[in-house]
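Colleague: My questions all concern the structure below.
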Amino acid sequence: MRLTHIKLSGFKSFTDPTTIHVPGQLVAVIGPNGCGKSNVIDAVRWVLGEASAKQLRGESMQDVIFNGAATRRPAPRASVELVFDNSDHSLQGAWGQYAEVSIKRQLTRQGESTYFINNQTVRRRDITDLFLGTGVGARGYAVIEQGMISRIIEARPEELRAYIEEAAGVSKYKERRKETEGRLKDTREHLQRLGDLQNELARQVEKLEKQAETAERYKSLTAQLNQQQDLLDYAQWRQSLAAADKATAQHQSLQAQQDETAAQVQALNDEVHALQTAEQSQQQAVHELSNKRGVLREQIARLEEQIRHQQNLHQRIERDKQAAQAQLQRIHQEQQQIRVQLEENELQVEEKQTELAEWAMQVAEHEERLPELEEAQATLNAAFQTQQDEANRIRRELALKQQQLAHAEQTIAKHEERKGRLKQENQALNLPDEAETAAAQEAAALLQSQQEHYEEQIIAAEEALHAAREAFQTASNRFQSLKQQHITLQAQQQALSQILSQQQEAADFWQATDHAAAPQLWQHITAPAEWQHALSVILAERLHARAVPQGFVPPEPLPQGQAAWLSDDLSGGIKKSLPVQALLNQIQAQPPFQTALHYWLDGVLCAPDLSYALAHQNDLGAHQIWLTPEGHQVDKVSVLLYAKPAQESLIAQKARLDGIASELENLAPELSAAEAAFKQAEAAVRSSEVQHKNLMQQQQQHTRQYSQAQQRAAELLARTNQGQIRREHIERELAQLAEEQTVLQHTSDGLSDDIVTLQEAAAELEHQQQTTAHSRQEQQGRLKQAQLALLEANRQYGLAEVAVHKLNQQKQNYRQQIAQLEQQTLDWQERQQELALAYETEFQNDEQHIKLEELSEAVQTLDEEYIVVQEKLAQIQEQGREQYAKVQTLQTKLPQLQAATQTALLQQQEALINAKRYHQNLTERAADLDALEALAKESPKVLNSSIGSLSQQIEALGAVNLAALQELEEARERDGYYRSQSEDVQAAITLLEEAIAQIDDKTKARFKETFDAVNSKVQTFFPTLFGGGEATLKMIGDDLLTAGVSIMARPPGKKNSTIHLLSGGEKALTAMSLVFALFSLNPAPFCLLDEVDAPLDDANTSRFCRLVKEMSAQTQFLYISHNRLTMEMAEQLVGVTMQEKGVSRVVAVDIKQALEMAEAV
């Protein structure tokens, strides 16, 4: 198999449909940097299934689609296709029968990636499986791009192991192991699910055993809870009455304190106002004294400042006079010195001007002589350069001819050696018998057909088993859910029945009569849920009214609590129209209670809430009231608020019990149907598992037979095809070698003649070049002397010119300094005259001192008056602060008293409301207050804690199940079935683990064999590429399934302890030796190299080229290079250009065809 075409369209810079022909074994892709050569390598990696954009030098997979250029629109899709010649049928699998195989990949901008084999849509995995074990793949060793050489040599041990595995061909074993592990994982998950079901059944059995005990516990706790609730209400009622009395006394005391505090605040406010008036008067006096003191002190400050100023002025004038005299003396001395320096400067200027004229004459003489010498030197240089260029051309041409001659002679010798090996190989070929091959193929085909039939049956069985398990799980979940719901409803029904049976029990009063079992009102009345509570409030004890015969006379003594009854012969209702809002419209009752309700509830109207009732209070007539759903009552003249009780009303409890009974009745048939479906699904799962297990055993036995037959047929066919192909290839290669030898011999004779001619021309040219070089050297000496003389003259002239300019500048500075000193003399003389005049006019004024003393005495008097007034003001302010603090204290206390008074009033009202509510609760439950008084020993806090504890215990009991025995037996039967199923699954796990162990054994053997072979090849290729040295592979770890691989390399003359100490070129050659070792062991159909020779020098490149050319006999090479030696090795050149910015194009050149055309000319 060999690669023949690469077709690109819209991939990176190849926007136009482009076909790269790959006709030979050595094809080089060349072109300038950045023209898109490496995109060809990326295209091959991409079509082979590369899924990482980073490996393709992009950020996302969309980057492989041409993104547009200056004159091009972005491409809508990217497409790459590889076409292979498979005439030798070396490809394995279903596609191996085709003589030509093409693989193709397309990617659209919508992200749709599609793979094709021979224009048939396939999966990415199919592309990978096609080349499995050949080294060809997105991450195989057959595609080596830029930087991959360094990554191979610096790879981690587990990464390097992957290349050995690919060469060993164990990839297919790893895939089979992965699939087996997947099945093993599913089987273990199934086993785990069975274990979960068994654990759940064990918990159910344990739960059922405890449920009988729970029911009795529930009854005991409920009775204790009711008693504790009565004791709590009684204690809170007594506590609320005591709290109301205490709050009343506290409110009266706080009100008296509030009145007394308000009177004290008023008296203190009057005193504070009087003190504020006195304080304002004193502050006015302080302000006036302060202003007078300020005016006098300002006058004193001005006089003191005038006196200090005149004293300072006298001292400064004396100092200025002395300084002016000193400056006049200094200026006179400087003038004398500068005049002497000016005379010396004028003499130096005359001398330097004479020297400047002499050097100017010498410069002119040298400049006239220099052009003649330079012209002569240029003539000699041109002649010498011409001779040098001709000599270099002859040497290059001579070296090229010699290299071509050596290459031709070496190639002729290799052809002779190759012809001998080919003839020996042709004689040694041993082809198998055609009849034996055909019989093996027919047996494998028959077994394959049977294998496919088994696989279809297993797939169908697996689908049926999966569907049965899903149906079983659904039925089980449905049955368990309905069963739990049924148990919960039964528990709720039992609890409510017990509560209502307690209400239905007759009191001692009725037990003494014949009517203890008479029907009660709450048993025969229904109402909407939102009005059940309000109806219980308005009827109160009448809910327990019993229907007794007319004329019933109560026995003596009369009951201590409440009791109610009505005549049972009441029939019919009161025939009158009812208001729309009447409560009777919301109620349904049976006779005789219906008639009694018309008497009791006549005039009771329904209000949606309390605010509505209060807003329509005036709309009520006589004997009418508004009733809210909360139980609040509003009549014409009053309002009765009702606190919500701690538990549901009898009507609500009875309604809930009726609803539960209805739900249980509807749930019974569903539960029976779910149980039947559960048992049916369970039986279906058992049947499907037995069928699936039998098919798996049959399929495993048949698979072994099919694998053996397929392996035998493949071996015979491969031997036959490979032998025939190899014989044809040998014959073609022998003919080609003979033809090439003839051409090479003719070329060698011509090259020898050309070499003799070039050597004679080179000797003659060398003699001429020596003569010209001697003349040029003499002339160059004369020219250099003239240039140095001119340079010295120019330097001396420049120095003289600078000196003259500097002296002239110095002379000008001297004259400016003299003028400045004369002007300074005049200035200082004027300053002396001004100071003398100021000193004469200075005087002292004694009147200012006298006036200063008078003002000081006046200020002292005002200060004494100010102190007296200030002390009096401070006393008044202190008194005011004290009174104000008292007012603040009382004003702070007053709101607190008001708030405390209001709080006490609210506490009183709250305590009265709570007392009424708790007493009403006790009355409704017909509690015996005397008995509670005797039992009331615990505080409400303790009772609340006891009630909470009892409630938690009741809630912790959960639902009570009365059908526990039957359910326990069913659970034990299911547990036996699950145990049997677990044993079957465990047996399947054992079979899968044995299969994995067999795969591991094969993998270990194949990997160890390949590792040893690759290690041996590395030890051979490394010295070949380096010209010496040694390299070995080392296994990291003892487990052959997971052990990593490292490479140790020592180039000739070095003792490196680690691979990381090698240079870039040494690392590249080491990696190449490993890659070539892998190729020699498991030759890939083709190999792509992207500038792997970049870090190599010419000597290493030559060795690299020789090795690649030898391996091209079995492997096709497509490589990218900028190296001249590597390009010369190619049979075909594929040029990539980018004349249009951003768009790559291909130009192909066949070297053999070009040589033939050149020879023909």
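Cβ atoms here come from the backbone N, Cα and C positions, even for glycine.
TrEMBL lists these features:
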type: DOMAIN; residues: 3-1144; note: domain 'RecF/RecN/SMC N-terminal'
type: BINDING; residues: Pro32, Asn33, Gly34, Cys35, Gly36, Lys37, Ser38, Asn39; note: ATP binding site
type: COILED; residues: 170-485; note: coiled coil
type: COILED; residues: 671-879; note: coiled coil
Colleague: What number of additional C-beta atoms lies within 10 angstroms of the C-beta atom of Pro32 (ATP binding site)?
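Modeller: Pro32 (ATP binding site): 11 neighbouring Cβ atoms within 10 Å.
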Colleague: Including all protein chains shown, what's the count of other C-beta atoms within 10 A of the C-beta of Ser38 (ATP binding site)?
Modeller: 18
Colleague: Near the ATP site, what residues other than Pro32, Asn33, Gly34, Cys35, Gly36, Lys37, Ser38, Asn39 in the same chain have a C-beta no further than 8 Å from the centroid of the listed C-beta atoms?
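Modeller: After dropping the recorded site residues, what remains is Ser13, Gly31, Val1136, Met1138, Ser1144.
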Colleague: Determine the minimum-neighbour residue: among Asn33, Asn39, listed as binding-site residues, which Cβ has the fewest other Cβ atoms within 10 angstroms?
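Modeller: Among the binding-site residues Asn33, Asn39, the sparsest Cβ neighbourhood within 10 Å belongs to Asn33.
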Colleague: Tell me the Cβ contacts of Gly36 (ATP binding site) under 8 Å, same chain only and six or more apart in sequence, or just say none.
Modeller: Lys12, Ser13, Phe14, Val1136, Met1138, Ser1144
Colleague: Give the three-state DSSP assignment (helix, strand or coil) for Gly36 (ATP binding site).
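Modeller: Coil, per DSSP.
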Colleague: Mean pLDDT over the coiled coil (170-485): what is the value?
Modeller: 75
Colleague: Under a criterion of Cβ-Cβ distance under 8 Å and sequence separation of at least 6, what residues of the same chain contact Cys35 (ATP binding site)?
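Modeller: Listed in sequence order, they are Ser13, Val1136, Thr1137, Met1138, Ser1144.
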